[in-house]
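Per TrEMBL, the features are:
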{"type": "BINDING", "residues": "G152, Q153, T154, G155, T156, G157, K158, T159", "note": "ATP binding site"}
{"type": "COILED", "residues": "425-474", "note": "coiled coil"}
{"type": "COILED", "residues": "503-579", "note": "coiled coil"}
{"type": "COMPBIAS", "residues": "1-18", "note": "compositional bias 'Low complexity'"}
{"type": "COMPBIAS", "residues": "26-36", "note": "compositional bias 'Polar residues'"}
{"type": "REGION", "residues": "1-63", "note": "region 'Disordered'"}
Amino acid sequence: MASSSSSNNAFRNGSSGNQRPLKPLNASNLKSSSFKSRVHPSHAPPPSFRRSYPSTFSASDDGVPGRVRVAVRLRPRNQEELAADADFAEYVELQPELKRLKLRKNNWDADTYEFDDVLTEFASQKRVYEAVAKPVVESVLDGYNGTVMAYGQTGTGKTFTLGHLGDGDTSSRGIMVRAMEDILAEISLETDSVSVSYLQLYMEAVQDLLVPANDNISIVEDPKTGDVSVPGATVAEIRDQQSIVELLRLGEAHRIAANTKLNTESSRSHAILMVQVKRSFTGQEDALSSEIDNSSHLVKPSKPIVRKSKLVLVDLAGSERVHKSGSEGHMLEEAKSINLSLSSLGKCINALAENSSHVPIRDSKLTRLLKDSFGGSARTSLIVTIGPSPRHRGETSSTILFGQRAMKVENMLRIKEEFDYKSLSRKLEIQVDKLIAENERQKKAFDNEVERMNQEAQNHIAEVERNFAEALEKERLSKGMIVMISSKIIAMERSWALVSEEVSDLRKLLQNEIQLRKAAEDEVNKLKEQYEQFMQPGAGGDTEIIRLHKILEDEAYKKRKLEEEVAILQSQLLQLTFEADQAKKYLERSGSAKWFQWCRFSHVAN
Ligand SMILES: Nc1ncnc2c1ncn2[C@@H]1O[C@H](COP(=O)(O)OP(=O)(O)OP(=O)(O)O)[C@@H](O)[C@H]1O
């Protein structure tokens, strides 16, 4: 197995070196190095996935070969090793640039192994994440299942590599935290979802690390699709980074508590973080959407596609248990069960590596849970952790061999996507609701418009009627006025004529009076003369004088009366003349001169 020949075998089934096996199908979306730049704005599938989608559940039949990729990580020497191994020559020699590891057999001989990545004791957690887990996380985001697993002897850094939370030093965050960070950064919480279950497999029992009382969860396999699930496990929906850190802390605390109970610091259980990613995007238009209504103005909802993928992160129990069986009692049982699961995992990997017809997946719960990860449709990365100490030569060597065999396992990566009928039905319901609401809105707007027009027409009619009535009234009033003015004019003309007659009568009368007065004056003068004659001595008679005097007084009285009458007649004449003038002015002012004329005319004509 060792040496360069074995390492050549390691690449037998897959693409060589660092090239990604998915490249032929999906080069563009697997190649990207920065998650943040991988934005699918409309949640359309990445370009390479834009093909026609079958309308029912589809597990793409033609998968893509994807070899299990294996990296080896060397833990730095701890204090104990620094002291105890000081006199030993380096047992493990790493050549990261050649992706080679050498295990020294003696001073002059070493076995050489090639891996997909060789991570030295100086490799940062970030470097480890990017080499081991990031390509898997990217695949999961693209819809493939993925597995990242740490295998190695107790104390070699499996938990440090996978589960370290990086409290106080974010640069030391492990794969679990970083993977969740990248997933959360990539998905849209509006359309996608991420949920996790955190389990441990101890003594062939699946326990819930989030709810420890839930300690015998069954593993269920879908007979149709072969998908493995643990429906009894707590599923926590993750919406932010903080919640995943808290959840991992809770799980870690429960795992540590279980170990403490067993009076050990080493992990006796396999810890499994299952991350379910559900992403939605719209597919192409197809027959179904055209069935909706070809002639309608409806906007056809684009076909909703859902991709459900699963990322499984596994921190295995210490591998030395495979060889070191406990002495007796519980320890023996525990060792047996760890032994069972790890050795059956090894057997499965061997069978797969050798293309054996039988793969003993059902031999343990671990292999049942990891069915998809080895020989299945998942993209799998394995990190084997080793310590530097020559005292653990055997363990290190067996870990390396485990990794070498795993490199031969070829998976057939398949994307699983479903046509999201529920989502389409929801979308259609929403669209129907929208259309109903729009229809009602339009109907209401139409009714309002009709109502408004009706109201406007009524107002218009009312205004026309009002104007007509006003016009009629005006006409009636002006007719009445004309009649009134005409009759007034007639009356005034009549009175004018009467006044004229009266004036001429008065003039005649005055003339008479003047004549009478003149006659009276003549008479008076005559009488005066007579009186004077009478008064002349010897002419007389007093009686005649008195009589004449009386006549004279009567005549004076009559004259006064006549003068008064003349004055009255003159004032009446003046009054009538004034009224006639006023009436004439009034008619001229009210613009009815024409009418006046006409009336006069018609009056004259009549
Ligand atoms: N690369 C590393 N750099 C610094 N310290 C490390 C590294 N790897 C492991 N350690 C430290 O070594 C110790 C053992 O590591 P860890 O608990 O991760 O081992 P493990 O393989 O998970 O052991 P177990 O199987 O018993 O759980 C821890 O104190 C850890 O912090």
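Positions of Cβ are set from backbone N, Cα and C atoms, glycine also.
A map of TrEMBL features onto the structure.
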{"residue": "G152", "record": "ATP binding site", "Cβ neighbours (10 Å)": "28"}
{"residue": "Q153", "record": "ATP binding site", "Cβ neighbours (10 Å)": "26"}
{"residue": "T154", "record": "ATP binding site", "Cβ neighbours (10 Å)": "20"}
{"residue": "G155", "record": "ATP binding site", "Cβ neighbours (10 Å)": "21"}
{"residue": "T156", "record": "ATP binding site", "Cβ neighbours (10 Å)": "27"}
{"residue": "G157", "record": "ATP binding site", "Cβ neighbours (10 Å)": "22"}
{"residue": "K158", "record": "ATP binding site", "Cβ neighbours (10 Å)": "28"}
{"residue": "T159", "record": "ATP binding site", "Cβ neighbours (10 Å)": "20"}
Expected list for ligand 1 (Cβ under 6 angstroms, binding-site residues Q153, T154, G157, T159) reads T154, G157, T159
With the ATP site defined by G152, Q153, T154, G155, T156, G157, K158, T159, which remaining residues of that chain have Cβ atoms positioned within 8 Å of the Cβ centroid? R75, A150, F160, G318, T385, G387
Quick one: mean pLDDT on the coiled coil (425-474)? 88
Helix, strand or coil: which one is G152 (ATP binding site) in, per DSSP? strand
Reduced to three states, what secondary structure does DSSP give K158 (ATP binding site)? helix
